[in-house]
Amino acid sequence: MESSEETSKNGKEGLKSHNRRRWRKDKCKASRILQSMDLRTMTQSLVTLAEDNMAFFSSQGPGETARRLSNVFAGVREQALGLEPALGSLLSVAHLFDLDPETPANGYRSLVHTARCCLAHLLHKSRYVASNRRSIFFRTSHNLAELEAYLAALTQLRALAYYAQRLLATNQPGGLFFEGDEGLTADFLREYVTLHKGCFYGRCLGFQFTPSIRPFLQTISIGLVSFGEHYKRNESGLGVTASSLFTSGRFAIDPELRGAEFERITQNLDVHFWKAFWNITEIEVLSSLANMASATVRVSRLISLPPEAFEMPLTSDPKLTVTISPPLAHTGPGPVLIRLISYDLREGQDSEELNSMVKSEGPRILELRPRPQQTSRSRSLVVHFHGGGFVAQTSKSHEPYLKSWAQELGAPIISIDYSLAPEAPFPRALEECFFAYCWAVKHCALLGSTGERICLAGDSAGGNLCFTVALRAAAYGVRVPDGIMAAYPATMLQSAASPSRLLSLMDPLLPLSVLSKCVSAYAGAEAEEHPNSDEKALGMMGLVRRDTSLLLRDLRLGASSWLNSFLEFSGQKSQKTSAPTVPTESMRRSVSEAALAQPEGPVGTDSLKILTLKDLNLKSSSETSETPEMSLSVETLGPSTPSDVNFFLRPEDAREEAEAKEGLSAKDSSSGVSNAFPVGFHPRRTSQGATQMPLYSSPIVKNPFMSPLLAPDNMLKTLPPVHIVACALDPMLDDSVMFARRLRALGQPVTLRVVEDLPHGFLSLASLCRETRQAAELCVERIRLILTPPAAPPL
């Protein structure tokens, strides 16, 4: 008996293992197709297979399933044939926007690559259908649903390709950001935000990324929609119930329903929701689990810097000093929190002066254990600014990879816990980061460093702060860091369109509406009111801890009855107080069908207002004296006459691009955005209504300390060597490319490394897979270059 049971158990485990290997093998086939075929060959192969499958299913009688399969392959054929010329035209000029021949990366290339990924998956699926359509094991419904989802994605990608052509025809030579007049900009954005997005968040979720990332993205999407349902119930005062858990279960097993809900959340929920969701990693249980898998360090302490002014010597004349005032904007003077991380206990790190500033974190303070031996001070220091869209996360969220950095670099790291928007908008975070940087330079001995080499490092919003802190240090005349390592930084805090930002239509980690809400909050345009005074008093992290504990409790209590309630749901009648039960068949209907059923009338009539790059030129200060004017406030910098902001190509490249533009059809060169699409092509529109995407009219967005890409040349020339690590599929890629191009044109030392097939925020996923580990190692390598003293010239 025992032997039989053991054999059965081993057989089941073997089957599961076989299925996992088969899943990984299928996921890699599309990647091999992508690498082995050029665009035209791939398109021709797909069209041939689509026609063959279409003819087969058309001959299978009048059945509904056969008809839908025939129609979906007809749609694949139509969209592939229409997409191929548009992608070809973009590829023909994409090289003009690269930093250099060794760095072939920009939004046009990324858009073409993403479309080719979709074509490759459809080609793989079409081959599978052609080979297995006669088999009795052929899963008709599953394959139909996947084909319909990818057809919807292909249709939307074709629309994005036409939008990219519109950008190419409208922008100035060499410019990646949309620079049309205000009316055309409003038309473009109004048109763009009405596109259907749910197809990218269901079965197609993460198709453009490396296969190792996709299971993680699926987990995140399920968690997001479940958290969104929970968030809605909290707003209405209902709390967590078995009904809410049941709804979350449906999202877990229904990709189409999950995609529609994901789209609704990204378009409609405010910045406070994203603040709460992104801060889930701050919960003690989750942060402890993350730290268990990270390197063990001797020192990890939270330090509170007192809001006291101090003097810093000027680099031009160390005998003269300048006063570094504590942060004052919005909330008045207050302490600045920094986290000190060091692999070894170094001299100064256990001094009485530093111990007096340590802020207790409860049990976490036990991470610092007295050591009999002390290591000498390091020659280097890394100052880190975390990402999180300026609205979420702290150094605790980024602590796991920072511990690895401390071990690999052999240098202490301080990470700044700057105040977050919308409660503390610009320039509060910049003031706190600059204050902490200056304090660290002055007191580096307490941090276990001699301060010979100092590197600024940050990701996303933190990358933006790296540049702006360095610019402010130069403006004050104090020591500028020896270099900057910025991972996927945001350098243009505008809702201006660019080829890479078109990818935000499908990016599950950085949708355009979410990006806009975060930047709006940082700019001070986001409302700060909470609907419930008790929740406001509790605070966002208190809400997250309370709600998560309730969720885990009810998960434990309701797990045993969840499955039965789900199976019985379709047969139950709705109660008086609940909404009518949706029929199972309509629940399973794909999002693409639902989107096709929506009317295609105008979505709204409100005009959108947005600033263009032409409005954001700053007055050159080249005529002023070299001595920084310390009375100039970063909050009062405003627009002025056009300056030396240069977004243009070399003359020979400009001529080549102009010739390419002349090749565009008349409709692509016309002013109307609706004319971007050829006759007969209609992209799918969202069923969630118009996106409430905030656009900014405040002069503060013209400030180079908020959008460093817009800084005049004389400011950018003060930056130290810059090393940027960007993602090819990141909506913020063009921020990195354009910033690197500006620095290169000024003769500033800059490098740009672009990693393939990874999403925005890969540093927080460093331990997830081999690809993210390699990308994180690249960041460490760039920091090491900065911390390594330059070799002395030979005698």
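Each Cβ is built from the backbone N, Cα and C atoms, and glycine gets one as well.
Marked as active site by TrEMBL: SER460. Around the Cβ of SER460 (active site), the same chain contributes GLY387, GLY388, GLY389, ALA487, TYR488, PRO489, ALA490, MET732, HIS760, GLY761, each under 8 angstroms and 6 or more positions distant in sequence.
Per TrEMBL, the feature compositional bias 'Basic and acidic residues' maps to 1-16.
Averaged across the domain 'Hormone-sensitive lipase N-terminal' (43-350), pLDDT for the predicted model comes to 87. Look at TrEMBL and you will find 43-350 tagged as domain 'Hormone-sensitive lipase N-terminal'.
Marked as domain 'Alpha/beta hydrolase fold-3' by TrEMBL: 382-531 (among others). For the domain 'Alpha/beta hydrolase fold-3' (382-531), residue counts in helix, strand and coil come to 67 helix, 25 strand, 58 coil, using DSSP.
Taken from TrEMBL, the feature domain 'Alpha/beta hydrolase fold-3' applies to 698-763 (among others).
Feature annotation from TrEMBL assigns region 'Disordered' to 1-24.
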For this session: Please spell out the DSSP helix, strand and coil residue counts for the domain 'Alpha/beta hydrolase fold-3' (698-763).
Result: 26 helix, 12 strand, 28 coil
